[in-house]
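Below: one structure, written as structure tokens.
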């Protein structure tokens, strides 16, 4: 797992500019604020109609699935929506729409009228009203700014990790895996624990092998999995807070 540290050779950067730490931290703060602001928030069907009829809807999309929003593989991946489309004014089960200032909402849509437990094959009056207010043109309701900024943070951090001085607390593989922690927490931990802009003091040698003792990539992988589970549980507990404070579809 320490083979990657051999990149500390001629092609590696002997020093990394100290201001890069502040830049990365500042970018993360901007990303966190943008991700929170633009995260889709659960709303109501009546609110969707009100926004559409008042002209507040900037873009909308009818989707069949919104479940992937809470199961993104990495913290810098964007929310994926499974499109369902519109046919003859009938909306799919979930409507996602964006209003001014990048706010995104979603709501369940009852496509067909239901009577006595049976489904009647015609759109409900509310669905027809909503479809008429929205119009035929759709658009991308989600805002790509936060995922793009998160990707920039991840790539810059990875470049410093690979080409900068060898980390002191853990190997490069150790920090590579921790970089996959939700919400970019691994990047913050790396900035706090390591000093990639200075030459770190060599870690104490292992008593058995005599080699520098650092956390390995396998340790980082295990910590990423365990910490990811803990963070997921904490986020699930926070779902009880108001929707405006903790969006139900976090990035």
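Using N, Cα and C of the backbone, Cβ positions are placed for all residues, glycine too.
Tertiary proximity for the transmembrane segment (19-39) is limited to same-chain residues at least six positions away from its ends with a CB under 8 Å from its CB atoms, namely 101-104, 142-143, 145-146, 149-150, 152-153, 156-157, 160, 183-184, 187-188, 191, 196-197, 247, 249-251. Sequence annotations record features per position, and here TrEMBL assigns transmembrane segment to 19-39 (among others).
Sequence annotations record features per position, and here TrEMBL assigns transmembrane segment to 143-161 (among others).
What TrEMBL records for 173-191 (among others) is transmembrane segment. Long-range Cβ contacts of the transmembrane segment (173-191) within its own chain (Cβ-Cβ under 8 Å, at least 6 residues beyond either end) map to 1-2, 4, 21, 24-25, 28, 31-32, 74-76, 150, 153-154, 157-158, 161, 167, 214-217, 219-221, 223-224, 227-228, 231-232, 235.
Within the chain, the transmembrane segment (215-238) has long-range Cβ neighbours (under 8 A, six or more residues past its boundaries) at 1-2, 169-178, 180-183, 185-186, 246, 250. For 215-238 (among others), the entry in TrEMBL reads transmembrane segment.
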